[in-house]
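Below is one structure, written out as structure tokens; the observations come after it.
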Amino acid sequence: NLFGNNSYVYYYQSAFRPPDGWHLHGGAYEVVNVSTEFSNAGTTGCTAGAIYWSKNFSAASVAMTAPQNGMSWSTQEFCTAHCNFTDFVVFVTHCYKSGHGFCPLTGLIPQNYIRISAMKNSSLFYNLTVAVTKYPRFKSLQCVNNMTSVYLNGDLVFTSNETKDVSAAGVHFKAGGPITYKVMREVKALAYFVNGTAQDVILCDGSPTGLLACQYNTGNFSDGFYPFTNSSLVKEKFIVYRESSVNTTLELTNFTFSNVSNATPNTGGVQTIQLYQTITAQSGYYNLNFSFLSSFIYKASDYMYGSYHPRCKFRLETINNGLWFNSLSVSLGYGPIQGGCKQSVFENRATCCYAYSYNGPSLCKGVYRGELTKSFECGLLVFVTKTDGSRIQIRNEPLTLTQHNYNNITLDRCVEYNIYGRVGQGFITNVTNYAINYNYLADGGMAILDTSGAIDIFVVQGEYGLNYYKVNPCEDVNQQFVVSGGKLVGILTSRNETGSQPLENQFYIKIINGTRRSRR
């Protein structure tokens, strides 16, 4: 029934004619999401012979239904409905107009006829023209992934040998709505056939009725108890940490510069200044030790004399104060304090240059044309080549990162867990009120193990003391359905759940209208 928002549809091939009785078969589609739309056309009407409106989906099936009396094939009501299977689009439309701009996809369609077409890469590869006497009004269009089937008013009007999910669908209309969009998932179904026709259908959807019928492959049960298993779909995961916080100290690479004895003076120009102790930093954290500079005198920039570092807003003595770089290279050189730094920067030997005096001899040659043979005081030149960024940090101490761990424990449902490094699946319950002080707890006094080595009970430090939790199997091996009067009326389980009633050493959960009460 496409007109029920909480219902399903069931399709089976016409050649599928099993003997009378219950048969497990695919082809059922269950509604999982419903939305409505009242109009998406302009004031003058909708545009026929074109696809103008679409909604994105990723679904096994999408059904688009009009009100039960349907919509007329008119630009004042319905124009086009389509199913998009990613590689191609199937649509139904009408268009009794001629002239430029009309019927862009189909061309003129005769009056009192509709067109069902399929289009791939803007080219039509399937066309079916049908008289409106067969479909007097538009009532529904359903897109189904199985064989990319399309149903108009419940009739199969298109199919292919491909199976693809529905990626988009839509109805372009002016009035007569609303259009209801029903997104569906594919489920197996147990169908009861008589003379080759399905008379009753039970969905294998995880409901109590579906679990019972599909496990026993029948919908007819005599009174009694029926054990069953239900494989839980685990959707959640949590971690219980040993420590509330973990400190991680990152590696700090240390490099110490030292004075170079017997360094050779340059012989004229900056290109003859020899480089020493070059360090090129990679990604990470570094400490550069320039303590030997304490015996040198820093020379500030004075026109051509001294240091030159306008692109470096720091001194070498403060470079370890958390400065960030994208690339960094540092070298020592010995050259003339007069012009050595400034000309080195101008000739791209470095980004910045720092000059230091040690009252050295005047054995270094000049760096400017006309001064290449003149002698000047030699000094220590520190060359820095850098680009700004965040790959490299220069700092005094190793960086310590603190990760704070929070134990958010998911209770009363089947979850994947990592408890103090032990992983598995389980149904976690809080047993603090019933716990006793155990003498032996594994994993540093935090967990009790069962005979298989899996966690049975674990303890977590809470705000007001210790909290104890028990790990149960996700599936209750003792659970049984209760059938009375030919109907499913309850479940016997070993778990105490919300709304359950104690029954000797088990609990009874009453089932109303095929559904059960939720767990705590």
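A Cβ is built for glycine as well, from the same backbone N, Cα and C atoms used for every other residue.
What you are looking at is a predicted structure, and each value in this text was computed from that prediction instead of being measured.
When ASN230, ASN262 are looked up in Swiss-Prot, the one carrying the note N-linked glycosylation site is ASN230; the rest have no such note there, which does not rule it out for them.
Its own atom aside, the Cβ of ASN247 (N-linked glycosylation site) has 9 Cβ atoms within 10 angstroms in the protein chains shown. Here the candidates are the glycosylation sites ASN84, ASN127, ASN146, ASN259, and by Cα distance the one nearest ASN121 (N-linked glycosylation site) turns out to be ASN84. Residues belonging to the topological domain 'Extracellular' (1-520) score a mean pLDDT of 85 in the model. In terms of Cα distance, the glycosylation sites that sit within 10 Å of ASN84 (N-linked glycosylation site) are ASN56, chosen from ASN56, ASN127, ASN146, ASN247, ASN259, ASN430. In this structure the C-alpha atoms belonging to ASN56 (N-linked glycosylation site) and ASN430 (N-linked glycosylation site) are separated by 43 Å. ASN146 (N-linked glycosylation site) falls within a helical segment according to DSSP.
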